[in-house]
Amino acid sequence: MAEAGASKGGEEPGRLPEHEEEEESPLWHGAGHCKWFNVRMGFGFISMSSREGSPLESPVDVFVHQSKLYMEGFRSLKEGEPVEFTYKKSSKGLESIRVTGPGGSPCLGSERRPKGKTVQKRKPKGDRCYNCGGLDHHAKECSLPPQPKKCHYCQSIMHMVANCPHKTVSQQPTSSQGRHEAEPQPSTSAFLREGGGTYGYSSPSYSQEGRSEISERSGRSPQEASSSKLSASPEEPSRKGPSVQKRKKT
């Protein structure tokens, strides 16, 4: 029983006593300037020139993260910027806990910004802003408030591009030209069959003497000659017509 009580009251092997806890590393106060700072990664190093008010023989580097900077907006440090800070010693080295400007003022910060977070201007490629009509940006980048809708072709607010009269006028000559080319030319045989009443043309008038003269030469009567002219191909009247007119003039 005594042994059991002693084992219970004694300390377990492998455990540190409660009074032997690790003490936190103490904080020191230092001053110096920013050695370098990467604005994209958000960290850098401070060159400490004095500690607890006493100058150091050689500068000591202290790690600094952007989360430890006392300032508003985008947190960063400018190279050579004077700072005051509190720091501690860790397994990785000296790390800053809080960084301010001289006298506890906010840090100034660097003017540089990460390239990935800045809004890059779009190069004009012929595109047009649908809001204001500008060529150097798109509608989502337009600084003006939403403008009234207007035609993208002539920039008029009276109609949309689907009903633009200027666009239809520019396309009309090409369509009308194709329509005229597609229309077939009327043949001379149609003029003869219709009696010359179409398009203001009239069929050539032959006198009775001319008809009899033609029928005598061909050996047919005037009625047969006239019927043969109507049943002939379209090319025959065009060849015979001028020859008959020349005979009449002579």
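Glycine residues also receive a Cβ, built from the backbone N, Cα and C atoms like all the rest.
Because the structure is a prediction, the values reported are computed rather than measured.
Note on Swiss-Prot: of 55-72, 127-144, the range annotated with the feature zinc finger is 127-144.
Residues in the domain 'CSD' (29-102) partition by DSSP class (helix H, G, I; strand E, B; coil) as 4 helix, 49 strand, 21 coil. When Cβ atoms from all protein chains are considered, those within 10 Å of C154 (Zn(2+) 2 binding site) total 13, not counting its own. Report note: the Zn(2+) 2 site is defined by C151, C154, H159, C164, and the residues of the same chain whose CB lies within 8 Å of the CB centroid of those residues, excluding them, are K150, H152, Y153, Q155, S156, M158, M160, V161, N163, P165, H166, K167. Averaged over the domain 'CSD' (29-102), the predicted model has a pLDDT of 91. A C-beta separation below 8 Å, combined with a sequence spacing of at least six in one chain, links C151 (Zn(2+) 2 binding site) to I157, M158, H159, M160, V161, C164.
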